[in-house]
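As written in Swiss-Prot, here are the features:
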- 8-125: domain 'Response regulatory' (DOMAIN)
- Asp59: 4-aspartylphosphate (MOD_RES)
- 151-345: domain 'CheB-type methylesterase' (DOMAIN)
- Ser162: active site (ACT_SITE)
- His188: active site (ACT_SITE)
- Asp287: active site (ACT_SITE)
Amino acid sequence: MSGARPLTVVVVDDSLTTRALIAAALRRDPRVKIVGTAGTPFEARDLIVRLNPDVLTLDFEMPSMNGLQFLEKIMRLRPMPVVMVSGHLSSHRGLVEQSLRMGAAEWYSKTTTANGEDPFAGLGDAIVRAAAMKQQAPVPVATDSANRTVPKIGTVVGIGASTGGVEALTDVLGHFPVACPPTVIVQHMPRQFSESFARRLDRIVKPEVRLAEEGDMLKPGTVYVASGGERHLRVRCGARSGEYVCQLVAAPPVNGHRPSVDELFYSLATTVGKNAVGVILTGMECDGAQGLLAMRHAGASTIGQDRASSVIYGMPRAAYELGAVETQLPLSAIGPAILNLCERRSLETYP
């Protein structure tokens, strides 16, 4: 690896002594660099999101959540090379095979040798091998989560905007990857401009952007834009457990608007709850403020655009003064913040 960047590693082990021993061993290996250590899966979750390491070493035996449980979450939500570490490898043969099917790249035994050699002397080699392996989708493993009714798609993003929103939405969605969280948008505009707006966004951003239609099932990688003028856009539960769909409702205008941001946000608060992220962007008056407050009360994360970057600081201001905005950010920071919140919420929740 001469001249190559060292592999960044996060070490997860409930034993402070073991973490120190691993750190000491890896400091002697120029091929790797420890960027963080964690004593629990919950600490590890935050480090993974923040540091994006090349490889994770994961202790199999930990309190609160064992290594296999955490491995399942990592491989489903943020696939990466993982080296499972155990002090009793010979007694875990079945679990070794299971973890490899789930996506682990390596198992490493930390048993102390008879001649007193460093039990982690070979861990650097295991990390390098793990990093060299092509990450593949894990084979599904049956768990109790199959019976749960938490939505399979994870977090849903709802965004409301008015004056200045066309440019603001272009900026926010420009940060989204192809496989973005399912996103529903209400942008105040006449009906005749909605379709061309959605087509324009679809051409310039990575996810698919389309006008929302009755019964559209929300899925990752797709952004659903409400058509202006005739009907409100709401999100409701689908016919099958764990699904959300678009609902178009012919009802009177709310706050002088149809579709209304409040209508969308209220539906997300009721249907999606804490698995939602609500965002209110530039626009005049107050549409969306009460709905965003309902989302926050339901446990959702909420973001408001700040005054300096807003064309009209009306809707964001109304929401902020109402206490509906958890975090106020400049426009350029909102897209990355949405993705970060979605990653954190996904790592906190079994689907």
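Glycine residues also receive a Cβ, built from the backbone N, Cα and C atoms like all the rest.
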Candidates Asp59, His188, Asp287 (recorded positions) with Cα within 10 Å of Ser162 (active site): His188, Asp287
Neighbouring C-beta atoms (10 Å sphere around the C-beta of Asp59 (4-aspartylphosphate)): 25
Secondary structure content of the domain 'Response regulatory' (8-125), with strand meaning DSSP E or B: 51 helix, 26 strand, 41 coil
Asp59 (4-aspartylphosphate) versus Asp287 (active site) - Cα distance in angstrom: 49
Integer Cα-Cα distance in angstrom, His188 (active site) to the residue listed as '4-aspartylphosphate': 51
Neighbour tally for Asp287 (active site), based on other Cβ positions within 10 Å of its Cβ: 30
